[in-house]
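The block underneath contains the structure these notes are about, expressed in C-alpha cells.
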Ligand SMILES: *[C@@H]1O[C@H](CO)[C@@H](O)[C@H](O)[C@H]1NC(C)=O
Ligand SMILES: *[C@@H]1O[C@H](CO)[C@@H](O)[C@H](O)[C@H]1NC(C)=O
Ligand SMILES: *[C@@H]1O[C@H](CO)[C@@H](O)[C@H](O)[C@H]1NC(C)=O
Ligand SMILES: *[C@@H]1O[C@H](CO)[C@@H](O)[C@H](O)[C@H]1NC(C)=O
C-alpha cells in the first residue's frame with residue numbers, strides 16, 4: 001500500500017516536471033529580459049570554474065521550478081527599476097537580504113505563527129544549499145533619453161547588484177555580464193536605446209587588508225599617540241594639577257582669581273573664536289601668568305586637558321557685549337550651510353535627480369538653492385569683527401608703527417592664523433582618509449569622488465589652503481582687510497579705497513555675468529561657479545559692508561536714536577530686501593538684464609539687510625528678535641563653528657557610504673537627514689575642538705605670554 005502511494009506520487013511529480021520544466025519558452029524569454037541575474041545564467045558555459053557553473057545551474061533550475069530559496073535569491077538581485085528617465089540608475093537589489101540568506105538567518109516568530117507559515121513555506125527549502133555573495137557591477141549607459149541635471153558627474157553610471165554563488169569570481173561574472181549586455185538582452189536597453197559598458201565588478205568584501213597599508217598604520221599610530229597625549233594631560237590635570245590649584249586658592253584667598261596658573265580669557269574678545277588671534281597681540285597683557293607653574297613641559301601638556309577644555313567650550317560669556325548676536329548668526333549660518341551641503345553631497349545617492357531639480361522651483365526650496373548667501377553672511381561677520389577688534393585694541397597704543405614692524409606683525413598674524421586653523425583640519429583629513437579607505441571597500445554606491453583617494457593625493461594643497469575656496473577666500477580677504485584696517489588710521493584713504501574696491505568688485509561681477517551669459521538656472525550657476533562665486537574679489541563686498549558698519553557703530557558709540565517710524569521703515573526695508581533676494585528667483589525664467597542685475601547686486605543687498613539687523617541689535621532696537629539671537633544657548637555652539645563646518649561634508653558622505661539603498665529627495669527626508677547630520681557633526685566637532693582646536697589656541701597664548709615675559 002505504502003509503496004503504491006509513493007509510486008503514484010512519483011508519477012505525479014514526474015508529470016508535473018514535464019509540464020513546468022523546461023518552462024515555456026515565452027516565460028524564459030521574459031525572465032531574461034527583466035532579470036539581469038537570470039540572463040547571466042544563460043551564459044554559464046563561459047565560466048571555467050566547475051563549482052561556480054554547477055551552483056549557477058542549480059540556482060537556475062531552482063528558479064525554473066519555483067523553489068523557495070532560489071526565488072528568494074533571485075529577489076535579492078538587482079533589476080531595472082522605475083524612474084530611469086528621471087535618473088534612477090540604482091538597480092541595486094537587496095544586499096542585506098543576500099547577507100541574511102548566506103547566513104541561513106530565520107525570522108523568529110511565535111510557535112503558532114510559525115506552524116501556520118510552514119503550510120505555505122517549506123522550512124527545508126528556505127535557504128540556498130550553497131553560499132551566496134553580493135557583487136556590485138558598475139555600468140555606464142549611453143541612453144540619450146535619460147534626463148541629466150548637468151550639475152553632477154557620473155550621471156550615466158548604473159549600479160547593478162548581484163546576489164550569486166560565492167564560488168563565482170568577479171571575472172566570471174564580468175564575462176557572463178559582458179555577453180548579456182553585448183547581445184542587448186535587457187528590455188530596458190531596447191526600450192531606452194541604451195548601450196552598456198562595464199566599468200568594474202566588485203565583491204564588496206572587507207578583507208581588512210586596507211588596515212595594513214603604510215598610510216593607515218601611520219594615521220592610526222598618530223591618532224593613538226595623540227589620544228594618549230590628551231589622556232595623560234587629562235589625568236594629570238584632574239589628579240595633580242587641580243589639587244595644587246585648590247590649595248593655592250585657599251592660601252591666596254584674597255587674591256584675584258586670574259593669577260591661577262592657567263591663563264584665562266579675560267576680555268570679551270573671546271567671542272571671536274574664529275578670529276581670536278587677531279586680537280591676541282592687544283589682549284594678552286591683561287593676563288598675568290606669574291604663577292610658579294609645575295614645569296614648562298607640563299604646562300604645555302596641560303593645554304590638552306580634556307576636562308579644562310570642555311569647560312572652556314561651555315563657559316558662559318563673561319561680559320554682556322553688544323556684539324553677542326554674532327554667536328547666533330554664526331550658528332544659524334553654519335546650520336544653513338549644513339542644509340545646503342546635504343543637497344550637494346547626496347546627489348550621488350539620489351534616485352529621483354530630475355524631480356529634485358524640479359523641486360528647486362518651489363518657494364521653500366529657495367532656501368536651499370540660495371544657500372551661498374550664508375557664506376556672504378560669514379564674510380560680513382568676519383569684516384565686522386575684524387574692525388571691531390582693531391578699534392578695541394587701538395585705544396591702547398596710539399602710535400603708528402614703522403613699516404618693517406608692521407610687516408613683521410602681518411607675518412606673525414598670518415602664521416598664528418595658520419597654526420590656529422590647521423591642526424583641526426589636519427585631524428579631520430586623517431579621520432576622513434581612515435574612514436573612507438574602509439568604506440571604499442564596502443560601500444555599494446560610489447561617491448562622486450573617492451574621498452580617501454582625493455584626500456590622500458591632495459592633502460598638502462588642503463594644508464596650504466590652495467584648493468579650498470572657503471578658507472582661501474577667508475584668508476585672502478583677511479589679508480586685504482588687514483591693510484584696510486591699517487588705513488583706518490587715515491579715515492579718508494580707507495573710505496576711498498573701500499569705495500574703489502566696492503565698485504571694481506561689482507564691475508567685475510557685471511562684466512563676467514554679461515560675457516558668460518549668466519542666467520540663474522541651477523546648471524548655469526554651477527558652470528559659472530569659478531568666475532562668479534569662487535574668486536575672492538567677487539565676494540569681498542559683504543566683507544566691506546561688515547567693516548563699514550562696524551566702523552559706523554564705533555563712531556556712534558553703539559548708540560543710535562531712532563524714531564518709531566524710522567525703525568518700522570528700517571525693518572520693513574531690510575526684510576523686503578532679503579526676502580526678495582532669497583525668494584526672488586523662484587521663477588528662474590527672467591529676462592537677461594534682470595538676471596545680470598540680480599547677480600551683481602544680490603550679495604551686496606543681502607549684506608545690507610544683515611547690516612540693518614546688526615545695527616538694530618547692537619543699538620538695542622531689536623526687541624524680541626535680538627533677545628533670541630543673543631541668548632546664551634548659542635555661545636558654546638558658536639565656539640564649535642569652525643570644526644562643525646569642517647566635518648559636516650564628511651559626516652554626510654560617511655552616512656551615504658554606509659547606506660544600502662538609494663535616497664529619494666522629499667522635504668521630510670531632507671529634514672530628518674538634516675537633524676541627524678547636524679547632531680552628529682556638532683558632537684564630532686566638539687570632540688575635535690576639545691582635543692585639537694582649543695589646545696593649540698592655548699599653546700599659542702602660552703607662547704605669547706612667554707615672549708612677553710622675556711621682554
Ligand atoms: C493559523 O491558521 C488558522 C487556520 O488557518 C487560523 O485560525 C489561526 O488564526 C492562524 N493563527 C495565526 C496565529 O495566524
Ligand atoms: C544553510 O542551509 C542550507 C540548506 O538548508 C545548507 O545546505 C547550508 O549548509 C546551510 N548553511 C549554513 C552556513 O549553515
Ligand atoms: C576560461 O579560460 C579561458 C582559457 O584559459 C580564458 O581565456 C577565459 O578568460 C576564462 N574565463 C573565465 C571566466 O575565467
Ligand atoms: C551608444 O553606444 C553604441 C555602441 O558603442 C553606439 O552604437 C550608439 O550610437 C551610442 N548611442 C548614443 C546615443 O551615443
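The backbone N, Cα and C atoms fix where each Cβ goes, glycine too.
Taken from TrEMBL, the feature domain 'Nose resistant-to-fluoxetine protein N-terminal' applies to 49-205. Per TrEMBL, the feature signal peptide maps to 1-26. Per TrEMBL, transmembrane segment is recorded for 216-239, 331-351, 363-391, 418-438, 469-488, 495-514, 534-554, 566-586, 606-630, 642-661, 667-700.
Mean pLDDT, taken over the domain 'Nose resistant-to-fluoxetine protein N-terminal' (49-205), works out to 90 on the 0 to 100 scale.
Of the candidate ranges 363-391, 534-554, 566-586, 642-661, 667-700, 566-586 contributes the most Cβ pairs within a distance under 8 Å of the transmembrane segment (606-630). Listed by sequence, the residues of this chain that lie at least six past the ends of the transmembrane segment (566-586) yet keep a Cβ under 8 A from its Cβ atoms are 361-363, 366-367, 369-370, 373, 520, 598, 602, 605-606, 608-610, 612-613, 616, 621.
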